[in-house]
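Since the structure comes first, as structure tokens, the remarks are kept for the end.
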């Protein structure tokens, strides 16, 4: 209705050829609707000005007897000094007529007739903007946006020939907010529009107003699509578009029209809409947030405050904060190449000591222009919000892998928390490093500068070491091998036409880094990369041709757990003599299968594979599982009661299965027992809760899940300790229920089974503790070696490649040189 009334009134008045004569009796008429108050007469009397006071902020008074010079700044800027308020003389009449800018967006569309008569017959319009976005118009931007300023007084014709004495933008400090007035508009009436927005349309508590008593308030950039509520500062602006399922803040129509080159949060369609605020000077709502369009057409929010709200950027070394217990000083050496290149997230603003005005660079990505959210990162709500955003990023919901990489590279406290939650979603336990790298790069695309890429690779390395602490000794080893795999991938599958790298060259190059890896593992990794290249560009798969994000927001079906022998970590291997004693269900093995046979065993993840020799035959994935045994909740221990053979150890698997193995010496026996127990302790899922019964001494045993556990080692250790305490209570209850005069076989068998469970979990605890202690000792030894002056002198004398040779920067340069 407001638009129809405004359009009809303006079209009717646009047909008037000449200005009305001064001797005509003055009358006033208004067309009032929801958010538009249109005056059909240029001269408004004091009576209607008083009626208009209902639309003005509280405290504004209109008195016709007061001379315009005697009005206060707030009253004069409110636009209440109408021509009919003082009729004492022509000079006073001229002074009392205040020019009012009128939005000409509709008149411009009517053609030359409206352009010709817009200065004489366009009505005075005061648009009360309630929800329109707030813009910041510079004096130099008026010509670019093709806007006109129409003054509604006849005295303006006389002043058109006078040049403007001051075309610069001036700052007017008000008691409540900070208003920017452009002399090109020549309208103090816009100030009252802004004040009415703050006081009448927005109900903000007084505690949340940021008073600006200085002439240079600080401006910090917030993320797009931010809307403030009446409860204080806006909620977290970080990646609101990803969280569209919870908040509904993302318009799907605007999303589908964005170009592929721009970010999915770019308001391209929104900028095309004709809103009254496009012709205003500056309006600031109660929250103090203002929108403005930059040169690239992207819009951002500006937060006006005199307080220093500089975001506290995280440390450049992310691993020191996330995995502090897993790091060693060697990381500083491997970061030397990254520090040489310009940082992707260097601070682009320079703030003064007293909080001067500063703006971020217009070329920076909108994904990186996020401030620290109002939600505390240490609160439960902040962690919950970060976990939800991380889940959306992990599922590529309304975003691409390119945008995920930009989001993870942001440098603020809340983004750091999102990064931690995002990494926790990757479960690399029992997964070989090349398969884990493929999974990580399928969701995160390596882009940007070398420092940003290397930071993502180091974050991946830290997470892989967290999930597999028994494979590598330090973070540097994981990071070195990761960069080496990327170098190998670019050499084997890159556009270079030279000689391809061989397995011997690959092993030799890694040996120069100072890190020691098993030769068989390097051969396996080389063959895997050679047969299947690592894809480094996945953003095109996650978006449609017109740039809109593909429909990945639907709930993905739950994946069925599969074991791929070719992508699982191999912990140990060797020839063994095998004999089945009991089947997986606890029954005795048939006589024909109980003989001793030689096999080549491979311990990969939670599965023990058996082959005829060390070169497995090319079979399918499921065919290899036929000659395999699952080791979840298994226990390996020497079998001194077996007298027929020496160096024999027993493996008891879940639900009663038992297998005997014979080694060639005592050392191999201890190695096999240690590796099998570690795998079972680290990756066996916790048992399901016990059933509720009135007789706990006869209750069935809990079920043992087959799915591997993806919790860290420390969490598994605490779980096993709690299980031992629970078993002690159960053993005590069963012992009290046994009668010495009339023993019950069921209760006795249960007591034996509980005692075995206690011994199994106690063995798990000891194995995990030894593993953690060995890792700490290795880290301490590495630190001592690095801090020894003799060691430093020896390293300087050796003409070998430094340990950070295979960082990502050198890897890329090395790939280009081939």
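Cβ from N, Cα, C; glycine included.
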Review point. Which of these ranges is annotated region 'Disordered' in Swiss-Prot: 92-123, 412-443, 444-475?
Key: 92-123
Practice item. From the ranges 41-72, 137-168, 169-200, pick the one that Swiss-Prot records as region 'Disordered'. Key: 137-168
Practice item. For the domain 'PH' (569-681), give the DSSP counts of helix residues, strand residues and coil residues. Key: 29 helix, 44 strand, 40 coil
Review point. The domain 'PH' (569-681): mean pLDDT?
Key: 85
